[in-house]
Amino acid sequence: MEPLPLENEDNQLNSNKSTTVSSKNFSNIFHNNIHNKDVVGLTDMCFLENVEENELMNNLQNRFNKDHIYTYIGEQVISVNPFSNKANIYTEQVLKSYQNMYMYEVSPHIYALAQDTYKKLLLSKESQCVIITGESGSGKTEASKIFLNYISKVCSGNLENIQGIMRLIIESNIVLESFGNAKTLRNDNSSRFGKFIEIEFDGKGSPISGKISQFLLEKSRVHSRAIGERSFHVFYQFLTDKRITSKLGLSNDPTQYKYLKDSMCFSISSINDSKDFQKVLESLKQLAWTEQEMESIWRVLGAILLIGNIEFSNDVEKSNVDAVYISTPETLKKVSQLLQCSEDSLEKSLISRSLTLGAGKRQSSIKVLLNQTQAKETRDAFSKVLYDRLFTSIIDKINSTISSKSNNGSNYIIESTIGILDIYGFEIFENNSFEQFIINYSNEKLQQLFINLVLRQEQEEYLKEGIEWKTIDNYFDNTPIIDLIEGQPVGLLKLLEEACLIGQSTPELLIQKFNQFFSKNKHFESFETSNNLSIESQSFTLKHYASPVTYNLDSFIYKNKDPLYQDLIFTMESSKDKFILSLFNKDFQKNSLGVKKIPITAATQFKNAINDLIGKLNTCQPHYIRCIKSNEDKRSNHFDYEAVRHQVRYLNMLETIRVRKAGYCHKQHYTRFLGRYKMISKETWPFWNGTPKDGVMAIVRAASAIQNSTSECQFGKKKLFIKSASTLFHFEELRQKILPSIVITIQRVWRGYKVRKWYKQELQRLREEKEEIQKQIKRKNSANLIQTYYLRYKVLTYIKKLKPWSVGPHYNKGHIMPTLWLRRTPIDSLMQSIHIIWWAKVKVTSLSMEARSLVRQKILALDLFGMGYSRKKEWDCRRKFQADYLSDDSNPKKSQFSESVQAMFQKGGDKEILFADNVIKINKRGKSQLRSLIITDQHIYKYDTKKYTQKKVGLKLHSIVALSTSNKKDTFLAIHFKQPIRDLYIDLGCDFVEKVSEVCTNLVQQVYKLTGTTIPLVFRDPLTFNNSRDSRNNGTDFVVSFSQYPKGKEQRQSTFVKGKGNTAIVYYNLD
């Protein structure tokens, strides 16, 4: 268990030497905490021996003097404002010491109530609310901050999200304090509006969003207040920022603004406006305000201050009417610039108003000029509405930022809420107006709620449940005052509403109405109905639960109407600033059809709002912080006995103590109690089949066997009532002792269940998988069988289609083969290639060896010279390669040729003639010579054509390194040899037949056989060859270019013509 902070004589919370408390020794600590009154007073005033006013006051004073500002009345926290900083009781260590503790295990503190609130929210899943009441200056706002701070630190769940939501809610408090709080005569930081903060939680107890509702902003404070008071803090704060004011063209001096200087109070010793404004700026950024939106806010605030500086003077030129004109045009111009609206339109709206006459088709509008008083009232009303709508838009923006949609989308469900109500305290001033009437009315409603929930309803519940009870009815019941104010058909508010509907109603007529209906009401007094001379003729006194208050009716009607002429609304609706335009985008004085309707008065709006709030509070489980002002002078650590006594009386503290002391500290439905504590009794654990009440009785009997609890418990019809907190703690102790063994049992059973469930699921899964695998195998086998037969059918079909390509003599060559059924283009192309190869093999196989050799030569020639678009040189692929052109009958010297060949074979060892024909050889001087060229399997021979005598030695074929020719239609060929052999350049077209392809094919083929090397065939233009060598074997290259015969000089045979130097031209014919 967490350490228990005990109270001692020196410190309210001994956080330095905290004692660890277990459930076993709690009763001793509880007893010491209660009865240690000689040192610090009673922590819980329900334990007063004599419930008398003096005893209660002495206990509060004793604790206050020892720096113990918090005291319990049951589960309520009484907080006495010391007007000093008690930082030592709000440290992080102190806060942690309250976590997971019960209220009476720890010293009185707001932290204890916050922990109790949060714990009940977790256990019951019911919405909770904290109602903070007390006079103005009693510390309500600070109490709400302390409560919020504790909730933000103890919530569980998604830490990042929680810190984000709670941080935003806390940041919003800083903004709302700046815009909604002000200095009054009784309080330096008085809330001038009521707010209800709702923190929304999910099922795990994690805050997921928030919502803020506000009630009755005291907007009249913008333009008027008592001497010594200030307007809202934000006006003084933003004037401290020179960067903003200089940008807006405003003065930093608050005395320059009429709205601020009238009350003659500009600064407060306890508040640093500049430092606080920096916090406001940071909070606005955290709450997703953009720089542009913040700039619009400062412009609206600046405009409001300058509106107060607009002055009016009587317009003497309009002598027949009481009219005015604006005597400060520069100020008006600056206001229009800040609001980004038409200066002319704004001026007309301030000094005149539009009045609608007639209805329907006869409806018309006229301009009515305003007098001095009316113009000032319009000016002030304009400033009030501007600030009111600005404040409302700020709250709307905060709500949109902290809402569940902004932070969590639809992933979370709101299970319950904690509401924190911080509303005006009871106010009594020297001059009490409409605002004080409404504020005190709201406090009456809250006091009535407290009476109903704590005093009346609790006693009524005891009687309803059949619990023996002696009724306590000597508390102050404020129901008659509530009826007086809001009664139907006649009440103060009802008569005020009627007066507002009558155009000529005055305070005198209104007080007459009040006297007429309420002169005999004991809670109402006026000048005419009483002998109290302090009450003026236009005033009345209400005897509130806190104190009698006299109200001045002088401005009741005007403030309740809260008028704003349509002209000003239309002017604002034309603003170019989107933010300002959004403040006036809904004209509240017209219905959806655009027809003017009767505006709802301020009192009616607040009455509806406070009744809605009371209805919402009634649905929550309430918790109370009762704030008491220690003195009226705001003196530090000073206890004003009489001032505190007065507050104790009207807060009904004595009656609350009597009800708590005589009553029961805890009550719970039998079903819920049985569900939480049934493990205490073996009869009810783990199952109970009887009625819930009998089950609870069995639990109480089991607890009484350990500690006498029977006398502490009373059994109602539907609920169990427990007398003291120690008994409730006893039940909780027993539950905590048994829970570990139950947890182990539950874990064991749960784990066994999980394993068995897993085993069954796994077994079922394996069975299903087995069945599925078997099905898949069967399905796959069937599919394979179907595929086999199908493929067999498709193959046979395809083979039948291929039959024309397998039957001679042409085998359908040149036709596209049928495509496969698979539509695979690469396979189709491959089949086409395979067929061509097969066709070639069939054709070649039927040929003789000689024919095969010729075919191979043709194929090689095709590779060397190409065909079609890839043809490299013109050649005749259809011509038969004859090889020996000199042994046929066309050669007259056939016999001489044959004899020379025989001699050559014998001498040189050659075995085969690859090519023999007459050619023209180019000699080393570039001259053409007719020679017989014989290419054998080993050599190249050159013979004289006349006698067939050999010219020089034969050239070995394996010495050839390359062949070159042009890509033209000439018949010349260069055969390149290894050095020092000079190249051979010959013309193979002597008989006008192209034989370059045949010679090249033979040479390439034979050199490959001899050397295993493929000599290159190069197509060049110009072509270079080595034609001669000197004694040092230095070659002389000829460069041959190619050209067509000049026109008119064409010849059938190509001609070699030597040019200058080592150049030459070969002429050829295109045909």
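Including glycine, each Cβ sits where the backbone N, Cα and C put it.
What Swiss-Prot lists as ATP binding site is G134, E135, S136, G137, S138, G139, K140, T141. Residues or ranges marked as domain 'Myosin motor' in Swiss-Prot: 40-736. Marked as domain 'IQ' by Swiss-Prot: 739-768. Sequence annotations record features per position, and here Swiss-Prot assigns domain 'TH1' to 870-1069. What Swiss-Prot records for 610-632 is region 'Actin-binding', and it gives sequence analysis as the kind of evidence.
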| query | When DSSP states are folded down to helix, strand and coil, where does K140 (ATP binding site) land? | reply | helix
| Sequence-remote contacts (6 or more beyond its ends) of the region 'Actin-binding' (610-632), Cβ cut-off under 8 Å? | 60, 64, 73, 75-83, 110, 113, 116-117, 120, 124, 126-135, 137-140, 143, 147, 186, 196, 213, 215, 417, 419, 421, 425, 441-442, 445-446, 449-450, 453-454, 638-640, 643-644, 647-648, 651, 653
| request: Specify all same-chain residues, apart from the site residues G134, E135, S136, G137, S138, G139, K140, T141, whose Cβ lies within 8 angstroms of the center of the Cβ atoms of the ATP site, ordered by sequence. | output: N81, N187, S190, G425, C627, K629
| said: For the region 'Actin-binding' (610-632), what's the mean pLDDT in this predicted model? | reply: 89
| Can you count helix, strand and coil residues in the region 'Actin-binding' (610-632) using DSSP? | 9 helix, 9 strand, 5 coil
| said: I'd like the per-state residue tally for the domain 'IQ' (739-768) from DSSP, helix first, then strand, then coil. | reply: 30 helix, 0 strand, 0 coil
| said: With Cβ-Cβ distance below 8 Å and at least 6 positions apart along the chain, what are the contacts of S136 (ATP binding site)? List them in sequence order. | reply: T184, R186, N187, S190, Y424, G425, F426, E427
| So how many other Cβ atoms are close to G134 (ATP binding site), meaning within 10 Å of its Cβ? | 24
